[in-house]
Amino acid sequence: MSKNYHIAVLPGDGIGPEVMTQALKVLDAVRNRFAMRITTSHYDVGGAAIDNHGQPLPPATVEGCEQADAVLFGSVGGPKWEHLPPDQQPERGALLPLRKHFKLFSNLRPAKLYQGLEAFCPLRADIAANGFDILCVRELTGGIYFGQPKGREGSGQYEKAFDTEVYHRFEIERIARIAFESARKRRHKVTSIDKANVLQSSILWREIVNEIATEYPDVELAHMYIDNATMQLIKDPSQFDVLLCSNLFGDILSDECAMITGSMGMLPSASLNEQGFGLYEPAGGSAPDITGKNIANPIAQILSLALLLRYSLDADDAACAIERAINRALEEGIRTGDLARGAAAVSTDEMGDIIARYVAEGV
């Protein structure tokens, strides 16, 4: 008998509920085709939770997530709540506390240039023609954003500010293993990003990544300095499979990877802890300007579901089925408005229906 799984669904604000509806259509198709026993429960988060419960992350939402195998997250935020104190606004008051509560130390951001969408890539046509499929693995809880001491002191010409880059062995080991395990499900290559010619933290990073690599003889490892990596991503992104990055370097490179795909509406992300529990969400925002118009691109939310199936439920076949269905739809020229460029566009609902049907049919 197949295992029972439970997903906490947090649609959130803006286009979140609209695109989440499409992801759940696809989940229904997955359940039926693969005979998976998956249940869902919905919870308020972000602005919707502020309106209904007076806070962006109600205790009931946290409890619901604790009882789930994974969290499928929509998007939060909007002009309606911008007047609130920063720590009570939807983004800082919901998403960041969730990451902290569940000790989500790794962030996975796929960036793929889909066939037929080369015209949206800002790179030269000959570079875009080669395509690319990159997974950026970023460490989330260490590094210069959290290292101590940090602060400001002094005055006049002696006023100064300082931050500290700190990484512990265990932090590097666990994020490296995420990268190597991910590479085993892809094209078996990890490129570790550092600045080991200057930074002591990067020297330790490189040493430990080399140690972990011995556990994965089937995965090729390369090292690259961050400054060179930013250039190589523009020159030839097809050379990369998995990028392994510290918090700061991953913050930079994941956004660069996102930009060269040409559409934020296509980009999912996953944040994982050591137990495989994850929070899965689109990389884009709540897009209040198009909310309720049935024109939002739901693919990033649907791909976030695929990541959830792959990493938290260990259902790679189901994840691949979703990805194939999306590829098929795009190859057939099916586009939402953000990708149509004057051609006929389908609605949010129609795109969800098409992808769900293709999953069910096993295209």
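Placed from the backbone N, Cα and C atoms, the Cβ positions cover glycine too.
A sphere of 10 angstroms centred on the C-beta of Ile295 (NAD(+) binding site) encloses 19 other C-beta atoms. Positions annotated as NAD(+) binding site by Swiss-Prot, on the basis of sequence analysis: 78-91, 285-297.
Annotation comment: Swiss-Prot describes Arg99, Arg109, Arg138, Asp227 as substrate binding site, evidence class sequence analysis. Around Arg138 (substrate binding site), the C-beta neighbours below 8 angstroms that are at least 6 residues distant in the chain are Ser106, Asn107, Leu108, Arg109, Cys245, Ser246, Asn247, Phe249, Gly250, Asp251, Leu253, Ser254. Annotation note: Arg138 (substrate binding site) sits in a strand segment as assigned by DSSP.
Mapped onto three states, the DSSP output places Asp255 (Mg(2+) binding site) in helix. Under the heading Mg(2+) binding site, Swiss-Prot lists Asp227, Asp251, Asp255, citing sequence analysis as support.
DSSP assigns Tyr145 (site 'Important for catalysis') to a helix in the three-state reduction. For Tyr145 (site 'Important for catalysis'), the count of additional Cβ atoms within 10 Å of its Cβ stands at 14 [all protein chains shown]. As annotated by Swiss-Prot, site 'Important for catalysis' applies to Tyr145 (among others).
Within 10 Å of the C-beta atom of Lys195 (site 'Important for catalysis') sit 18 other C-beta atoms, taking all shown protein chains into account. Summarising the annotation, Swiss-Prot assigns site 'Important for catalysis' to Lys195 (among others) and lists sequence analysis as the type of evidence.
Pro86 (NAD(+) binding site) falls within a helix when secondary structure is assigned with DSSP. The local packing around Asp255 (Mg(2+) binding site), expressed as other Cβ atoms within 10 Å of its Cβ over all shown chains, amounts to 13. Reported as a whole number, the C-alpha separation between Arg99 (substrate binding site) and Pro90 (NAD(+) binding site) equals 14 Å.
The DSSP secondary structure for Arg99 (substrate binding site) is helix.
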